[in-house]
Amino acid sequence: MTTIYDEQNKLFVKYDHECQMERQSDEVAEVISGNSLLARVRRRLLRFRMVSENSKLSNWYLRSQRAIVNEKHRHLNTYHYMLHPFSNARQCWEMMMCPVFLILLLVVPLDVALFRSPHENFVVDIPFKHLRIFLDACCIMDIIVNFFTGYFNKQLKKAELDPFKVAINYCSSIFIYDLLSTIPTHLELFMDVDLYGNAHVILQLLSLLKLLRFITFVKYCNVFLKNFEIDYAIYKLAMVLIITVLYFHLVTCCLMLWHIYTCGLLYKPLQGSEMLSWNKSNIYYHTHFYNSLLIIKSAGFKDIRGGPITGLPILVGVWIISRILLIYVIGTIMQVFKAGTSPRHKYLEIERQLKQYMGHRQLPDSMQRRILKYYEFRFQKMYFRESEILPTISGPLRQAIVMHNCQKLVESVAFFKNVPFPLLTRIVHCLRSEIFLPNDAIVRATTAGNSMYFIKSGTVAVFTASGREICHLEDGDHFGEIALVMSDELRVASVLAVDTCELYKLDRKEFVRAVHPYPDLLDVIQHTAMDRLEKTAILDERDRREIASKRLY
């Protein structure tokens, strides 16, 4: 398989690894060739819509640079015109649409409440209507972009980029809400419309369907939270504030519209003293905002003439929704306080203690960064005690969890493929997880070896004893099997972590204990290990001769 080695080597430079492997051609340049300005722009745009290694979501779900490179390769060779869900393009689009949706949620109720105001009022001014058209155009563009953006399939652990599957997934989620919220309402700018007819009034009231964009707004805000690692408490409190402000604004606009309706002005133009200027519109809004506060507080407020300031259905509806909002606010605040015992909060507390400890020990900044990076990768910002959790689970479930994590890794080894399942289970239970940071030496040549390693995620570089880099091993690969069966043999190669790696370690003592009931299998393993040892020795000897010949000349 051709891989994007040029991009991958750039990633390795970020980890201070100067790769000695021969660079292969850049697949992006193969898809879009040429040195013209247009070709360079197209290549930049293509990389912009591919998965980004800097995205928090890509590092969360893909876990390794090899997985990211594979995603890029699959993207280029299938549907390169689609946007990857973890791309910079998608991230920028969602960041741009969040304020657009927020403005839309504020503008639409005000437009509906004041659309019967005369031309002196700002709502009927051309610039304001241009703003509405711009917001509607952004909503339509958002639907189009969603049809061209893949989604991440958590079960298959890959991004679905097939347009047909993307369309089905989008249509089965929030498409109907997005579609209803894009109904054009300001047709009077493009055609002759009876401004005081039933059709125009109904069309304006249909604008309230645009409030359904609140669902998409919350979805994009959640992605924004994950990408930028915003504090959970700050995010929840900010959302409570936004929802509360939007609700009070909506109730105020409903009261303004109800006042116009009860005055019989919905189907006729305002005249004389009824006409509202900009300043009077502010007073009009503030008055109804005050009334909305009274209704939400007591739901029994009456005006000075003794009658209710609004109709009974609206009064009851506002009262019910207000109580639901109050329950939501109280529940969210309790959730924020309860988050103090959550795994994420525990991780933050451990991280805070760790920083204090490192400061007390006066560790250098580089070491502090490596330790913090280790903790972040190890716990994924969620602190839990696996040693206390697993004993509470039944034996079959515990075995299923272990086999799910490690079975495929062990079966990838040639001499483990056809072993009996009971032996495979015993071997898997012997594995121990270890994490190595970039440039960590996992094994060194000419040192005694007593363990084998399986790569769950990450990339390692293999060097001969003479220091020549011979290959990279990545997700699903393994090394060090010679040490399992030959106790007196020294390591013939050094292995260095290129990026953050999660490995499973199998010690020789535990392996021998597990495989002892199967003596025939030991012979097969020894034979396979000897073949690999001979190949490595030949490569090492060739390197020594090349180095010696260079010294002679």
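We number each residue from 1, going along the chain as drawn.
The backbone N, Cα and C atoms fix where each Cβ goes, glycine too.
Curation plays no part in TrEMBL annotations; they are all automatic predictions.
What TrEMBL annotates here:
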type	residues	note
TRANSMEM	92-113	transmembrane segment
TRANSMEM	133-152	transmembrane segment
TRANSMEM	164-183	transmembrane segment
TRANSMEM	195-216	transmembrane segment
TRANSMEM	237-261	transmembrane segment
TRANSMEM	314-337	transmembrane segment
DOMAIN	415-532	domain 'Cyclic nucleotide-binding'
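Within the domain 'Cyclic nucleotide-binding' (415-532), the DSSP-based counts of helix, strand and coil residues read 37 helix, 41 strand, 40 coil. Residues 83, 123, 128, 131-132, 135, 138-139, 142, 145, 204-205, 207-208, 210-211, 213-214, 216-217, 220-221, 223-224, 242, 246, 249-250, 252-254, 256-257, 260, 285 of the same chain lie 6 or more positions beyond the ends of the transmembrane segment (92-113) yet place their CB under 8 Å from a CB of it.
Sequence-remote contacts of a segment are chain residues at least 6 beyond its ends whose Cβ falls under 8 Å from one of its Cβ atoms, and for the transmembrane segment (314-337) they are 232-233, 236-237, 239-240, 243-244, 247, 251, 254-255, 258, 292, 295-296, 299, 308.
Non-local neighbours of the transmembrane segment (237-261) in the same chain are 102, 105-106, 109-110, 112-114, 116, 211, 214, 218, 221, 284-285, 288-289, 291-293, 295-296, 309-311, 314, 318, 321-322, 325, 328-329, 332-333, 336; each lies 6+ residues outside the stretch with a CB under 8 Å from one of its CB atoms. On the 0 to 100 pLDDT scale, the domain 'Cyclic nucleotide-binding' (415-532) averages 82 in the predicted structure.
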